[in-house]
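Participant: Please see the structure below; I have some questions.
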Amino acid sequence: MKLKGKKQESSESSEGAKGKMTLSLALVALVSAFGSSFQYGYNVSVINSPAPYMQDFYNQTYLDRTGVPMDTAFQTLLWSLTVSMFPLGGFFGSLMVWPMVNNFGRKGTLLINNLFSIASAILMGTSRLAKTFEVIIVCRVIMGIYAGLASNVVPMFLGEMAPKNLRGAIGIVPQLFICFGILIAQILGLNMVLGNAEGKALAQDFSMGSTGEDFSQLLSCLLAGWPVLLGLTGVPSLIQLLVLPFFPESPRYLLLQKNNEEQARRALQRLRGRTDVADEIEEMFQEDRSEKEEGKFTVLSLFTSRGLRWQLISIIVMMMGQQLSGINGVFYYADRIFESAGVASGSIQYVTVSIGAINVLMTLLAVFIVESLGRRILLLAGFALCCASCAVLTLALNLQNTISWMSYLSIACVIIYITGHAIGPSPIPPVIITEMFLQSSRPAAFMVGGSVHWLSNFTVGLVFLYMEAGLGPYSFLIFCAICLATMVYIFFIVPETKNKTFMEINRIMAKRNKVEIQESKEELRGSQSALNSQAQKMISSSEL
């Protein structure tokens, strides 16, 4: 009876450690992802549709100031700055991750970060009324900093909150909202919605004081056209700023960095929906003891630590593969691919929205299958699909003028590529960063991974137009090679991390790095001692 009771107790403990999706955990994931990750996707896409109208505004403002039209080269430079300042700001935001999450916590960093977004939204939303295009360029840098912080802190925050059996699914939620943000920006950016120059004449009339109803004129000006599209980015941040304070901070941050076991226990109890969280608290203490052997990590020590060598190389390879695999090139070519297939130029923007919808649906699929198939399978399958579609797309683009049905093959390649990228290369790398590093090294790892992500993004935006001009469709062969190289690396080096604790993953990587973890020896001795003690008790009871 005693043995049966112990087995039942062990089974219940195992089920409890497994964890389930509670309302509190689901809500904090949604609030964090909507208030932060959504903004990243929204601001990636928000200026694409109204670009002609915004450039007209730049030119008109310059003409009003100087009396001469803006030079074409200068206008191109200003627009290039408007586009490229966002990923450059993202790089600077990534550099702020390590100091901010260590000093203000994960939740605290997200709350502070909202101020960047709200301030930028107000300034961009009133830029046409103020007749200044410079503020848009500056705010694009600020929004980049915001996105750089959000794209790293949200996966870290949610990854530390989630139980091990849901860590992958919850870790993909930020990417799902990034895709959702892109889709919403595409929908709102349609010419019939906000991607237009509505309110331009109103703004001019108001600035000249030619109307008597000043307040209604101002309101009409503010609520029309592309400035509203830019200003809406502050709404999710405002919602998060008001709601997120009611949710707990990361339990791991509270226990391992603030040394507050009571708050960490209360946070875990609320997130898990049960009072018994002893197993997870103990696992955190094991991680803490293991980390004390190595000390706290800075970015410099991350690069010099032998015990983290393959983890660091892995996140750099995966982040570079994610951005250099051709996703921007595929989106760039998409319009002319659909046009060559006979889609009317006026309908191209609706087809672009449909691609955004496919991106969202495939990322949503990844949320539901990542815990059953695992991270490695999705990464390998995703890069394989991207590699194959890039190769076939090169062939189809070269032959579409001679073989009529090749244009339809090009469309199929675009859809397959988007599907492949959405299930693996886009959502999985941030999950892997969370899982491969322990508490003390995780902020520095996200800082490195985020910096590589944004620098690669910036590089592609800078170089792709020159690549396309020089190589044409053959540009996709370079992307094909990068996808293949990344896939080979993942196959041989990156382990499966599904349903494993951070300490279990750390031991797997320690073997690859050929280092010993002191904690594992202590645990083995402790486990052996416990087994010996239990055996002794059983012998004594049998003698009685």
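Positions of Cβ are set from backbone N, Cα and C atoms, glycine also.
Automated prediction, rather than curation, is the source of TrEMBL annotations.
The transmembrane segment annotation in TrEMBL covers 21-42, 77-98, 110-129, 135-158, 170-195, 215-247, 312-334, 346-370, 377-399, 405-423, 444-467, 473-494. According to TrEMBL, the domain 'Major facilitator superfamily (MFS) profile' annotation covers 29-498.
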Participant: Are the transmembrane segment (444-467) and the transmembrane segment (405-423) close enough that 3 or more Cβ pairs fall under 8 Å, when only pairs 6 or more apart in sequence count?
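Facilitator: Answer no, regions not in contact.
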Participant: Mind checking which residues of the chain, 6+ beyond the ends of the transmembrane segment (346-370), have their Cβ under 8 Å from one of its Cβ atoms?
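Facilitator: Long-range Cβ neighbours of the transmembrane segment (346-370): 45, 49, 168-169, 171-173, 175-176, 179-180, 182-183, 186-187, 189-191, 195, 331, 334-335, 338-339, 378, 414-415, 418-419, 422-424, 426-428, 431, 498.
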Participant: If contact means at least 3 Cβ pairs within less than 8 Å, sequence distance 6 or more, would you call the transmembrane segment (312-334) and the transmembrane segment (377-399) in contact?
Facilitator: yes
Participant: In the predicted model, what is the mean pLDDT computed over the domain 'Major facilitator superfamily (MFS) profile' (29-498)?
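Facilitator: Averaged over the domain 'Major facilitator superfamily (MFS) profile' (29-498), per-residue pLDDT gives 87.
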